[in-house]
Each structure stands twice: as C-alpha cells, then as structure tokens.
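Colleague: Below are the structure tokens for one structure; questions will follow.
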Amino acid sequence: MVPQALLFVPLLVFPLCFGKFPIYTIPDKLGPWSPIDIHHLRCPNNLVVEDEGCTNLSGFSYMELKVGYISAIKVNGFTCTGVVTEAETYTNFVGYVTTTFKRKHFRPTPDACRAAYNWKMAGDPRYEESLHNPYPDYHWLRTVKTTKESLVIISPSVADLDPYDKSLHSRVFPSGNCSGITVSSTYCSTNHDYTIWMPENPRLETSCDIFTNSRGKRASKGSKTCGFVDERGLYKSLKGACKLKLCGVLGLRLMDGTWVAMQTSDETKWCPPDQLVNLHDFRSDEIEHLVVEELVKKREECLDALESIMTTKSVSLRRLSHLRKLVPGFGKAYTIFNKTLMEAEAHYKSVQTWNEIIPSKGCLRVGGRCHPHVNGVFFNGIILGPDGHVLIPEMQSSLLQQHMELLESSVIPLMHPLADPSTVFKDGDEAEDFVEVHLPDVHKQVSGVDLGLPNWGKYVLLSAGTLIALMLIIFLMTCCRRVNRPKSTERSLGETGRKVSVTSQSGKVISSWESYKSGGETRR
C-alpha cells in the first residue's frame, strides 16, 4: 500500500460518505410496471430490513472502527545510533598533555538498543554518567587511547502505521517506508547507515488500537446474512461487500465505505488494493443519529400522505414522492400512467450529485441510460416540465447534504533530526551535534614510549641527549677540580710562612718575612 494512499483518504471520504447519507435515491434497476389498487400503496420503512426478504432480526456483537480513528495511526518509536568516542592523549618530554577527541560509528544491535532505551526511560543514573566523554588517562612520553562505545537514543521518533498492510511510513526511512517489522525483525533501517529505528512498544499490534465492540441486530434469511442494523439504528447491507484486513484483523468493507468485523457464512471476495474505508469520527456518529431521526420524521410524513390518499381516494404525483425509498436497497417505485396507478420492484442507489441523474436537459438517467417518460411522467413524482427540464419534487433535507468534517490529529509529532535530508551524515565527525550517548563501554590502551618523533628523529635525539649528558659530566668534573686546587695552594703557603726564619745581614734572626721587611725599613 503506497504511503500516498493515506494522504488522500480525506478526499475519498466525501463521496463515500454521500453513499451513506445520500442527497437523493433513484432506482438503478427497475422492474416491469404493473397496475395496482390504491390499497396496495405502502410506506417504506427505511430503518427495517427490506433486503431480499431478510426480515429475521437477531441481536449480535460486531467490531467496528473506534470513534476518533484517524487516517494516520501514530507509532511512537526511537532511533538508536552506535557511536565510538575516542580520547587520545600524548604527554611530551616536559609533561605537557594534549588530548584529542574523535567520533566513529558502528551499527548497533536491536537487543542492545532496546536495553539502552529502557535505561533512558527508567532514569538509570548510569545513563547520566554515560553522557560524558571518556575520561582521558595519560602517561609520560606515551600516547594513551581511551574509547567508549555508546548507544545514542533519540526519542520520540513518530512513524505512521498503514492499517491496510501494517507498513510504517516516515521520512527517516530510506525509501519513506518500512515493511520489515516482524516477530523476528523488530527494527527498521534509516537514512543513517549506523542508525536503526525501533518502536517503543515491541508489540506493534498494540499501536493499532482502532477497534471497538458494538451491539446491533443481524438481518438474515435462513443461514444467509443480508445485513445488519448498527448500534445507532441505521441498516447497512452486506450486498457488494468485500473482505479487507485492517491491522491484521479480517473484516468487511461495505458499499458505503464503512468497515465491520462480523461472522458470516457467505463467501466474499477480497477487496482490490485501491479500496479504502471511511473514517469513523464523532461528526459521523452525530450525523448518523440525526439521520435516523430524519428518517423517522420522513416515515411519519409518508404515513400522513398515505392517510390522505386513503381518505380522499385520490392520488397525486406529489403525494407519490413520499413513498420513495430514502436509503439504498430494495423497495418499490410508483407512478401514474394514463390515470392508472402503477408499481414496480426497484433497487435504489444513492445519488452524490444531481448531474449523475440529470446529465442533460430532459434526460433522467436510470441504469446508465435515459429513462423514457410517458406523457411527461417518470416515477416517484418526477415529471418533465413545460420547458423540457426534469423536475424532481423534493430532495433530501439540508441535514443530509452537509459535508463530513474529518477530525484532525491534535498531536503534532516532534520532527526527528533524520527526517531532514540535510542531516544525513556524510562524515563521522558530524555526529557530535546529533548524539546523546548511552551505555559506556570503556577500554584503555597504553602505547610504548613515544617521543612524538619519527624513527630517525628518535635516534638523533637520543644521541644528542647522550652527548649533552657526557659534556655535562665533564664540565662538572672540571669545575670540581678547579674549586679544589686554590684551596690546597693557600693552605701550603700559610704553613711555610709560619715555620721559615730568615737571618739578616747583621746576624739577627728574623722570624718572618714581615719582620725582616720592617727591620730593613728601620735601618733605612
């Protein structure tokens, strides 16, 4: 089922709803005319089964669309993206640490995504912790890589469920739809290779809560079911119905576009793919209740007209118009030909627009062709006017002409990032603005000694370092020798000055050089 079919449901509903609430009814099959007496006239009961003699009514339960059912069934889901966050640190020779964060992707498994989603919904504190980047570790002259595998959950991500084939439709899916959710496969691929979509509830059937049980009266003839009177009192015929599954539930699509699930013994053909069903909303229920009241009122008007005919013993074309069948189905048609009251078996169909039965001037279309008139008289009070136009004495009340107003969803789903084609990631580093990480799985890898240089540079640096170290040792040894040498010389000279005595020329002993010097200066 193409996704566009759901978008055109509101457009298809209006003509189908006219089938349920016709502005007029006219025979599509008209039997031979036969004269009758005035006492054979009778008013049709549009609320009582007159379908092929099925007059046996019995109570039964059936399933119909829930009131408020809308064309697009919303399925809440979430997307799960596998993200690997890598923190790479390098500590150089002087202890300066540089940290680089990188992101990569991996395709997650559905089980892991389901567990991550449950973490988020349960408010597990580990979820808050997992939102942070991995804590980078570091070692001197080494490169340390710390990685964390995270499952990124973004919710809600709302998809539309097609009730006809249970396929899902959303712009986050590559082709706009997903038909792969089964018991064994519980996810859909998305526009992102490393992101999958999953429903919040693993049982997708629970999202299709569109049915309700109702009570009505089954109309049957022997073992054959002809139709039923619904919970609101309106008869619905099974003639022309076809089998149609909604959300996997087998039911019948009736000619008026409604859908019911009920037990029947008759063999029914499957509906063609283009057969859709009417929406069931509060407005349709309200109008259906008003239709029942209107049909009761019309029956009272018919009985009043019939009583007038019986009392006055006279029949007019205007009075015969009250005896027309007001809903699709089997009934009678009446007319007056050459002052003779005539009756014919008829099967009535609904009229959507007046152009269907009056396509041109003077033509009353019945059974696909212009019906002949007798001296300007057709049937059911329809005549040919003096100007050649077909005149229909009455039409259904304005109540039955109003258009059906469909309920619109009051829930506006949040736009998921993947629904915008511009957010389809081409590079791994574009995921930073997209992700919220979950379920950390931290791994640490410590490399060997790394100086941050190529291989030849490492050897040059080691050689230079060794040479500098040798030169430093030699320099220190040289400095130590120079510091020790002046101290030893001074100590030896001091000792000599104290012990050596000098004899002067006069024969006196001079104890030191200073005394000798002072003595010499005295002599001078």
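Backbone N, Cα and C atoms are what each Cβ position is placed from, and that goes for glycine too.
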Colleague: Between CYS188, CYS208, CYS271, work out which one Swiss-Prot annotates as bonded to CYS242 by a disulfide.
Modeller: CYS271
Colleague: What residue among CYS113, CYS178, CYS247, CYS302 is stated in Swiss-Prot to be the disulfide partner of CYS208?
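Modeller: Among CYS113, CYS178, CYS247, CYS302, the cysteine that Swiss-Prot links to CYS208 by a disulfide bond is CYS247.
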Colleague: Where Swiss-Prot annotates a disulfide for CYS302, which of CYS43, CYS54 is the other cysteine?
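Modeller: In Swiss-Prot, CYS302 forms its disulfide bond with CYS43.
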Colleague: Spatially, and counting Cα to Cα, which of the disulfide-bonded residues is closest to CYS302 (disulfide bond)? Options: CYS54, CYS80, CYS226, CYS242, CYS370.
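Modeller: Comparing Cα positions, the candidate nearest CYS302 (disulfide bond) turns out to be CYS54.
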Colleague: Reported as an integer number of Å, what is the Cα distance between CYS226 (disulfide bond) and CYS113 (disulfide bond)?
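Modeller: The Cα atom of CYS226 (disulfide bond) is 51 Å away from the Cα atom of CYS113 (disulfide bond).
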Colleague: Do me a favour and check the Cα-Cα span between CYS43 (disulfide bond) and CYS208 (disulfide bond); whole Å is fine.
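Modeller: Between the alpha carbons of CYS43 (disulfide bond) and CYS208 (disulfide bond) there are 44 Å.
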Colleague: Can you tell me how far the Cα of CYS247 (disulfide bond) sits from the Cα of CYS271 (disulfide bond), in Å?
Modeller: 15
Colleague: Indicate whether CYS302 (disulfide bond) is helix, strand or coil by DSSP.
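Modeller: SS state of CYS302 (disulfide bond) = helix.
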Colleague: Near CYS208 (disulfide bond), which residues of its own chain have a C-beta under 8 A away, given they sit six or more steps off in sequence?
Modeller: ILE73, LEU161, PRO163, LYS166, LEU246, CYS247, GLY248
Colleague: I need the nearest neighbour of CYS188 (disulfide bond) among the disulfide-bonded residues CYS113, CYS242, CYS271, CYS363, CYS370, using C-alpha distances.
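Modeller: Spatially nearest to CYS188 (disulfide bond) by Cα position is CYS113.
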Colleague: I need the CA-to-CA distance for CYS242 (disulfide bond) versus CYS80 (disulfide bond), whole Å please.
Modeller: 41
